[in-house]
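Q: If you look up TrEMBL, you'll see 24-47, 59-78, 90-115, 136-157, 199-225, 237-259, 271-291 marked as transmembrane segment. According to TrEMBL, the feature domain 'G-protein coupled receptors family 1 profile' maps to 40-289.
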Amino acid sequence: MERSNHTATEFILVGFTTDPTMQLVLFAVFLGVYSLTVVGNTSLMVLICKDSRLHTPMYFFIGNLSFLDLWYSTVYTPKILMTCISEDKSISFAGCVCQFFFSAGLAYSECYLLAAMAYDRYAAISKPLLYSQAMSVKLCASLVVSSYLGGFINSSIITKRTFALNFCSGNVIDDFFCDLLPLVKLACGKKDGYQTVLYFLLASNVITPTVLILASYLFIVATILKIRSTQGRLKAFSTCSSHLISVTLYYGSILYIYSRPQSSYSLDRDKIVSTFYTVVFPMLNPMIYSLRNKDVKEALDKLIK
């Protein structure tokens, strides 16, 4: 990455607070959240791999989501923990580029993966007798690979365009990681072309998967309404309720941060929302997909015994 068009050689991450006591409190909180994230996602992946009853397309996607969330949280949390207990708040230019690249790539990949999971739920509810044929191993693997491929190709584009900006307004990032909006605030000069690329990537990586998810759920609702028995409707809806909760939480926070006009940006408020989808959400996903899932509970009991 060439650095000839800007003056920054490193960045300073302000974090959440400069109060030493609060920093220790935040260190304990983030350490606890990250520990739960690692244990929860790793346990869910192990259960899915070891229990043959969970060798279905739905759990294949859930296992990949757990892997992605574990990786996603690791991009941020270790650096957050370091800034909480260390007086050195700096991050090198190369480190900032790497963190930005992986955070964007994983965020975009999760958007695509959640869309693929919506299609999986549609196939399971609308064509239950042909579900195993419709969602073959080859198709499931292709959807997962395509999610990562699309996410990291787009991440390469936005990373290159972002760090080609001229950071002439200082090197202090008012956030806890190298995020897009705080970096853009440090840039000066013409940014019209950059805004165009940003809106294109937002449309392709967030809006398009959102539309696909909404379309899948419209077909799912139409199928559920055709089921005559109330028990059958509830059972059909329960198979996709966890995914619906996950989509609502993730897409809601992402769209709140990146789809608003610049005049409404508030870095202090955005830090809280960013913390949710970067650190808290990866911890919640294993709970969302396991606490209300009978198969996962039975697999856990079997593994413990």
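Note that Cβ sites are derived from N, Cα and C of the backbone, with glycine treated the same way.
Here the structure is a predicted model, which means the values were calculated and not measured.
Surface or core, plus neighbours and distances: that's what I need for these features.
A: A Cβ distance under 8 Å defines the sequence-distant neighbours of the transmembrane segment (24-47), meaning residues of its chain 6+ beyond its ends; these are 16-17, 54, 62-63, 66-67, 69-70, 73, 77-78, 80-81, 84-85, 279-280, 282-283, 285-287, 289-290, 296, 299-300, 303.
Taken together, the residues of the domain 'G-protein coupled receptors family 1 profile' (40-289) have an average pLDDT of 85.
Nonlocal intrachain contacts for the transmembrane segment (59-78), taken as residues 6+ away from its ends with a CB within less than 8 angstroms of a stretch CB, comprise 30, 33-34, 37-38, 40-42, 44-45, 48-49, 99, 102-103, 106-107, 109-110, 113-114, 116-117, 120, 140, 143-144, 176-177, 246, 278-279, 281-283, 285-286, 289, 295.
Non-local neighbours of the transmembrane segment (136-157) in the same chain are 57, 60-61, 64, 101-102, 104-113, 116, 119-120, 197, 201, 204-205; each lies 6+ residues outside the stretch with a CB under 8 Å from one of its CB atoms.
Residues 107-108, 111-112, 114-115, 118-119, 121-122, 125-126, 150-151, 154, 157-158, 233, 236-237, 240, 244, 247, 251, 254-255, 258-259 of the same chain, all 6+ positions outside the transmembrane segment (199-225), place their C-beta atoms under 8 angstroms from a C-beta of that stretch.
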Q: Can you name the far-off residues of the same chain, 6+ from the ends of the transmembrane segment (237-259), with a Cβ under 8 Å from a Cβ of it?
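A: Counting only partners 6 or more residues beyond its ends, the transmembrane segment (237-259) has Cβ contacts under 8 Å with 58, 65, 107, 110-111, 114, 117-118, 121, 124-125, 180-181, 202, 206, 210, 213, 217, 220, 224, 270, 273-274, 276-277, 281, 284-285, 288-289, 292-293.
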